[in-house]
Amino acid sequence: MDVIVRKGEIRGKAKPPASKSYTHRAFIAASLSPSARVVNPLISEDTISTLNACKRIGAAVLKKGNEWLFSGVDGVEAEGYFNFANSGTTLRIFTGLLSLSPFRSVVDGDESLRKRPNGELVLALSKLGARFKGREPYTPPFSVQGVIKGGEVEIEAPSSQFVSSLLFALSLAEGDSSLRVEKVKSQPYIDVTLDVLRESGVKVEREGNFYHIPGSQSFKLRRYDVPADFSSASYLIAAGLIAGEVVLEGMFESAQGDRKIVDICREMGGSVEWDKKRGVIRAERSELEGVEVDASDIPDLVPTIAVLAAVAKGKTRIYNAEHLRIKEIDRIEGIHQNLKALGVESKPLKDGLIIKGGKGEFRGVVDSFGDHRMALAFSLLGLLGEVKCRNAEVVSVSFPGYFRVLESLGASVIRL
């Protein structure tokens with residue numbers, strides 16, 4: 001599906017979807033607990049991949065309104081073929097969990113996931129006793145077979161998902177573990193994992209980049225209410241800043257690193273108010289200026305920041321974002337190509353971009369390149385002109401109903 005977004009003012013209230021990061025982890029923790037309910041999860045293509053994987057390892061799942069009821073497994077003894085579609089989080093965490101099973105499994109995904117390397121995670125799990133067969137750097141498909149045992153292990157973590165995988169798996173492994181993490185990116189996503197583990201009664205002690213994980217623990221999640229997603233909220237905040245006024249509800253504090261979007265927008269001169277007690281964020285049209293942004297912990301915000309940078313006066317430099325080159329696509333190159341298509345000057349760097357903004361109108365054709373965050377972000381620039389986004393259906397990966405939400409705020413959206 002292609003989408004055209006046309007110039008117009010937006011105004012109104014909206015509630016962003018539930019957090020994708022929290023939903024993944026809550027589903028997995030629930031599937032490892034005797035009896036748990038996950039309330040108000042995000043149901044999207046990626047989280048459905050996790051839900052299906054939870055069922056494949058033996059969890060029973062029942063939907064009841066906006067609650068998902070789980071009867072979980074006592075230990076992982078799964079085998080067979082696992083297709084995780086486009087979900088990197090599902091792939092990485094379940095690679096760790098399947099390392100607990102004495103039986104052989106094959107993990108796979110779609111064309112995009114088959115390009116995402118897992119070498120550092122495979123190396124760490126292999127040192128703990130897992131066996132893998134595949135081609136380095138272990139892009140899917142590859143096979144995994146346990147059983148890992150606790151021990152001392154270290155990992156270079158270009159993806160925080162590798163660390164999350166080890167934290168889940170080692171808490172169930174026989175024997176205590178010490179995990180040393182080097183060159184970590186996106187620490188807040190690890191904090192989200194620790195938050196869910198803590199709610200599940202799983203103990204992890206952290207000291208700097210060292211984690212001590214007692215072995216043979218039991219998951220005891222009872223109920224988890226999934227908070228709103230700040231990554232998804234970032235697009236609506238950006239819409240308010242460039243084209244009117246948006247009030248977002250249900251935006252309470254959490255461990256999500258992407259809550260930093262509020263501070264970044266303010267640094268750019270944006271009028272953004274956040275009432276944390278009421279969980280309300282208000283964003284109004286503002287004159288924006290370029291800034292420098294360290295994206296090491298906020299990779300999913302970079303497309304949003306790039307769109308705001310295109311509007312802002314002056315230059316914006318985004319750095320420490322080299323991990324964007326191994327996301328669903330090479331996001332640095334994808335952002336550069338879409339900015340170029342809209343007449344915005346940008347320079348891709350090894351670890352980010354420099355964007356020269358200040359345009360008041362945007363007309364042209366952009367492409368999602370199969371990446372949901374590209375479609376979510378770049379379609380917004382149509383509010384200041386007319387932008388056609390190719391392959392926009394991928395928004396369903398993290399924000400189903402996105403264009404309906406824009407329409408409810410007054411945007412003109414044409415589906416082709």
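In case you wondered, yes, glycine gets a Cβ from its N, Cα and C as well.
Note that the structure is a prediction, hence the values are computed from the model and not measured.
In the shown protein chains, 27 other C-beta atoms lie within 10 A of the C-beta of Asp300 (active site, proton acceptor). What Swiss-Prot records for Asp300 is active site, proton acceptor.
Residues near Ser160 (3-phosphoshikimate binding site) in space but far in sequence (CB under 8 A, at least 6 apart, same chain), listed by position: Val184, Lys185, Ser186, Gln187, Tyr189, Ile190. The DSSP secondary structure for Ser160 (3-phosphoshikimate binding site) is helix. Summarising the annotation, Swiss-Prot assigns 3-phosphoshikimate binding site to Lys20, Ser21, Arg25, Ser159, Ser160, Gln161, Ser186, Asp300, Lys327 and lists sequence analysis as the type of evidence.
Around Lys20 (3-phosphoshikimate binding site), the same-chain residues at least 6 positions away in sequence with a Cβ under 8 Å from its Cβ are Leu42, Ser44, Asp46, Thr47, Thr89, Asp229, Ser231, Ser232, Ser398. The phosphoenolpyruvate binding site annotation in Swiss-Prot covers Lys20, Gly88, Arg116, Gln161, Arg331, Arg373 and rests on sequence analysis.
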(Q) Could you check which of the recorded positions Arg25, Asp300, Lys327 is the closest Cα neighbour of Arg116 (phosphoenolpyruvate binding site)? (A) Lys327
Q. Could you state the CA-to-CA distance between Arg331 (phosphoenolpyruvate binding site) and Arg25 (3-phosphoshikimate binding site) to the nearest Å?
A. 24
**Q.** By Cα-Cα distance, the member of recorded positions Arg25, Asp300, Lys327 nearest Gly88 (phosphoenolpyruvate binding site)
**A.** Lys327
Q.
Nearest by CA distance to Arg373 (phosphoenolpyruvate binding site): which of the recorded positions is it, out of Arg25, Asp300, Lys327?
A. Asp300
Q. Can you tell me the three-state DSSP label for Arg25 (3-phosphoshikimate binding site)?
A. helix
Q.
Please report the Cα separation of Gln161 (phosphoenolpyruvate binding site) and Lys327 (3-phosphoshikimate binding site) in Å, rounded to an integer.
A. 12
